[in-house]
Amino acid sequence: MRLPPAILASTEEVLREILRFTAPADSTLSRYFKDHPRLGGRERGAIAEGVYCVLRNRAFFTDQSEAGSGATMRRLTLLGLADAVGADALGGVTPEELEWIERVMQIDRKLMHKSMRSNMPKWLFEKLVAQFGEEDALALADALNTPAPLDLRVNSMKTGRDEVIAELAQAPIVAEPTPYAPLGLRVLRKPQLQNLPLFKSGAIEVQDEGSQVLAQILGAKRGEMVVDFCAGAGGKTLALGALMRNTGRLYAFDVSEKRLAKLKPRLARSGLSNVHPVQIAHERDAKIKRLAGKIDRVLVDAPCSGMGTLRRNPDVKWRQAEGAIAEMHDKQVAILAGAARLVKGGGRLVYATCSFLNEENDDVAADFLANHPDFELVPMSKVLAEQKIALEMGDYLKLLPHKHQTDGFFAAVFERKPMPKKAKPAPDADENGDADSAD
Ligand SMILES: C[S@@+](CC[C@H](N)C(=O)[O-])C[C@H]1O[C@@H](n2cnc3c(N)ncnc32)[C@H](O)[C@@H]1O
């Protein structure tokens, strides 16, 4: 059955707003759907997919839409929807428009100028070429412009991977074990999970395989003191809490009250009771000072450009300005330095981003090592062997969608050298002499 012609108008309306890039595309879409409650599930799906197809292919689609006659925004909308659901499924398209769509879809993109083919802003494609070389940059761009599969993490506190595969099969949902994350499952279609008993009971969480690997390499063990310094809504916190078998103490720090609030219902579903969310004002907050030198493992999943998540958030490449990357670097260096104070002698610190840009990754790690002689790098090859994860890496973890079928992630692991023995320090006192715990 064809989609009603009104879907074209709705998609055009919301696309116009999203292309202003004043807010993330997913929040603009959610607000639009809230304001238009009469749109059905299939219609919402088509609008969202149509918009995302335009964002993924914006350079090419804009070039085609601006050439020839007709309103550019309608033509962009037509290409996005045709790419998402097929031109034949669209109601209200004229025969001339159908013919034009068909012509555009037949263009061999391999023959295009490389920067246009990448569908990236020029500055970003140039960075990719400088970093990866032209061939690899194009393969990475192609992978980033392809929708991600749905990855799940099995909550080992509640069940096992085989049990979940069997229960999903009843739905029927086909899920396969992920190659690197021991508790990961990949679902190729995108079913609604929210109403499944498995989801409601906290037996599964949605989490990209790369994000699961990041949590794993922290190496958190039973009974340890662990800090997730930039916990956000707790994607990695939940994985860490389960790896610690709900023992020890896991602090979930973040500056955002809103993000930490989103962690609460997920925590309740997970069944974890070892997690202590703490809102901090900044990376030098006095609450951090109280725990200085006491923590076994600290994860810094730093705020970053998010370029590694373009498969899910294709608007990020158009919303992010080149100058913002340098600012991000300075912030990341400051947060990592703040978090490092927590680590005890012999303890580990993991710096991670969901970006593939050197400025946010290797450069931050190098800056940290240059300014923290009390820390040394633990080669990622060693960390992965400890965790029995079959990934070939050098000093750092560099996950890339065209190579590993995950989002783009980076991680570096540092170990604090044993602290010299000295006179016992006074009990946990901050500058106000306050000795409370941090939660
Ligand atoms: C990449 S996100 C974290 C995602 C989260 N770890 C997860 O797995 O779902 C980065 C987080 O850092 C937080 N953040 C920003 N500045 C911070 C700071 N100075 N100290 C601690 N957290 C900060 C942001 O609020 C954001 O939630």
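Here the Cβ of each residue, glycine as well, is placed from N, Cα and C on the backbone.
Please treat TrEMBL annotations as automatic predictions, because they have not gone through curation.
Just so it is clear, the model here is predicted, and its values are computed rather than measured.
These come from TrEMBL:
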ACT_SITE  CYS354  active site, nucleophile
BINDING   ASP254, ASP301  S-adenosyl-L-methionine binding site
COMPBIAS  428-439  compositional bias 'Acidic residues'
DOMAIN    140-417  domain 'SAM-dependent MTase RsmB/NOP-type'
REGION    419-439  region 'Disordered'
Within a 10 Å radius of its Cβ, which of these binding-site residues (ASP254, ASP301) has the fewest neighbouring Cβ atoms? ASP254
Could you tell me the C-alpha distance between ASP301 (S-adenosyl-L-methionine binding site) and CYS354 (active site, nucleophile) in angstrom, no decimals? 8
If you skip the near sequence neighbours and keep only those at least six away, which residues in the chain come within under 8 angstroms of CYS354 (active site, nucleophile), Cβ to Cβ? GLY210, SER211, CYS304, GLY306, MET307, GLY308, THR309, ASP407, GLY408, PHE409
Check the domain 'SAM-dependent MTase RsmB/NOP-type' (140-417) for me and report the mean pLDDT. 97
